[in-house]
Amino acid sequence: MSTASSPASPASAAHGEGASVPATALASGPLNGRVRVPGDKSVSHRALIFGLFAEGVTEITGLLEGEDVLNTAKACAALGAKVERLGEGHWRVTGVGSRGLSEPDAVLDFGNSGTGVRLMMGAVGGQPVTATFDGDASLRRRPMRRVLDPLREMGVAVVAEAEGGRLPLTLKGSVAPTALTYETPVPSAQVKSAVLLAGIGAPGNTVVIEREATRDHTERMLAHFGAHVSVEPHGPHGRRVTLEGGAKLKGAPVAVPADPSSAAFPLVAALLVPGSEVILTDVMMNAFRTGLIATLKEMGADIETLAERSEGGESVADLRVRHSRLKGVEVPAHRAPSMIDEYPVLAVAAAFAEGETIMRGLAELRVKESDRLAAVADGLAACGVSHRIEGDDLIVTGGGVRGGGPVKTHMDHRIAMAFLVMGLAAKEGVSVDDVSFIATSFPSFLPMMRGLGAEILA
Ligand SMILES: O=C(O)C1=C[C@@H](OP(=O)(O)O)[C@@H](O)[C@H](O)C1
Ligand SMILES: C=C(OP(=O)(O)O)C(=O)O
């Protein structure tokens, strides 16, 4: 990979797994300012991977330069793309075309990133190459069978795998992948995307059926790069996606909007800290990503949508957020895919709300960078917040939050950021044991929060 400045090393190596960086967020005065959080992580991974597969040049602006995405960039380079960093967030990928992947000569290390590794397993699975995939201790614990099962049906050979279908594992891609109709057993955009990416090289139609619709960035990007893809509703909350095989992708420009999952942290902080008013610019408002905003508005949040517009094929808006008194609500299970990464920070908002907030259907939180259901519950307990888990539901009883900690973050960026946000509004502040993993998705989190007025000691 040729870069104007050198990218970070893989997350697993960078962290040395044990080099923890503790931090404390103190009860804060009002947060004020106008900020743009970094580019969307889902769109950034996909822009690079589609750039790899496309013929010609894909120019990307606003790319998230977090460790997760940098690891995907390295993998694209190892698979034959020319990947250049032209400036901050400005990258150029010269692709290899649909059948031109090179066999990598080293292990592809995806660090902490489920999206990077699962999407790339699909991409490689549809190509006649063999590659070994690995990641850090957190990623090695996460389930990969959800992707391996459909890929095997498409003709991909799993040459080696760790116990339980986990990383490290080696895949031998299929010379002629079988077109598959697959109903995903779990609501997962990563599984859907892996199957669709493998289906690019298949001769017939690849169909993915979801009972609960998940983020649609892969479908949108397939169309943007010239593939034929159609989407129909399926049942009350689902969708059926059909990709015509044999697509020849053509390089295309991608402008990455600000990540709503990162915006969630300053947004909730502004709601919780008295006197705050913050404007978040260019936030992606894709309907499959806005469950948190809908939920917070039901809780009474003052979130004003300014200047909603379409940019690079996505709806984006500036959001004006003011301190608000929140009340507890019930969040239905079918909303979970549209806010799956936002539950840790929603649980923090719920801790300050009047009454109970009931979050239903959170089984998928157990298989993220950490078991987020357990990590959130333990963090709430460490900060004196009353809560309970009933099956897959989390119920938080709000009130004055004592804070304290130290909260264990378990190699999970979202747990670290959520509890630092809690500390800004809690009586005693909140300490977390490790903020180093925040660099996977939101490397500018600490300076950006400090710029808004937050006091976070690290
Ligand atoms: O496709 C994606 O970009 C993502 C899908 C989600 O994971 P699942 O597919 O496992 O739900 C989400 O948690 C992750 O941060 C990004
Ligand atoms: C779950 C997440 O990411 P990934 O699955 O890509 O590791 C996340 O960013 O919250």
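In case you wondered, yes, glycine gets a Cβ from its N, Cα and C as well.
For reference, TrEMBL has these:
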REGION    1-20  region 'Disordered'
COMPBIAS  1-14  compositional bias 'Low complexity'
DOMAIN    28-447  domain 'Enolpyruvate transferase'
BINDING   Lys41, Gly114, Arg142, Gln190, Arg372, Arg414  phosphoenolpyruvate binding site
BINDING   Lys41, Ser42, Arg46, Ser188, Gln190, Asp341, Lys368  3-phosphoshikimate binding site
ACT_SITE  Asp341  active site, proton acceptor
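Structure with TrEMBL features highlighted.
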residue	record	contacts (Cβ under 8 Å, 6+ apart)
Lys41	phosphoenolpyruvate binding site	Leu64, Gly66, Asp68, Val69, Thr115, Asp259, Ser261, Ser262, Ser441
Ser42	3-phosphoshikimate binding site	Thr115, Ala189, Arg215, His217, Asp259
Arg46	3-phosphoshikimate binding site	Leu119, Ser193, His217, Thr218, Met221
Arg142	phosphoenolpyruvate binding site	Gly114, Arg166, Leu167, Val367, Lys368, Glu369
Ser188	3-phosphoshikimate binding site	Arg146, Thr214, Glu364
Gln190	phosphoenolpyruvate binding site	Gly114, Thr115, Arg118, Leu119, Arg146, Val147
Asp341	3-phosphoshikimate binding site	Ser261, Ala264, Lys368, Arg414
Arg372	phosphoenolpyruvate binding site	Tyr343, Pro344, Leu362, Leu365, Arg366, Asp412, Arg414, Ile415
Taking the binding-site residues Gly114, Arg142, Ser188, Asp341, Arg372, Arg414, which residues show a Cβ-atom distance to ligand 2 below 6 Å?
-> Gly114, Asp341, Arg414
Result for ligand 1 contact check over binding-site residues Ser42, Arg46, Arg142, Ser188, Arg372 with Cβ cutoff under 6 A is Ser42, Ser188
Secondary structure at Lys368 (3-phosphoshikimate binding site), reduced by DSSP to three states = coil
The one of Lys368, Arg414 whose CB sees the fewest other CB atoms within 10 Å, among these binding-site residues | Lys368
For the 3-phosphoshikimate binding residues given in the record (Lys41, Ser42, Arg46, Ser188, Gln190, Asp341, Lys368), what is the largest pairwise C-alpha separation in angstrom?
-> 19
Secondary structure of Ser188 (3-phosphoshikimate binding site) (DSSP, helix/strand/coil) | coil
Please report the number of other Cβ atoms within 10 Å of the Cβ of Gly114 (phosphoenolpyruvate binding site).
-> 21
Using DSSP and three states only, what is Arg142 (phosphoenolpyruvate binding site)?
-> coil
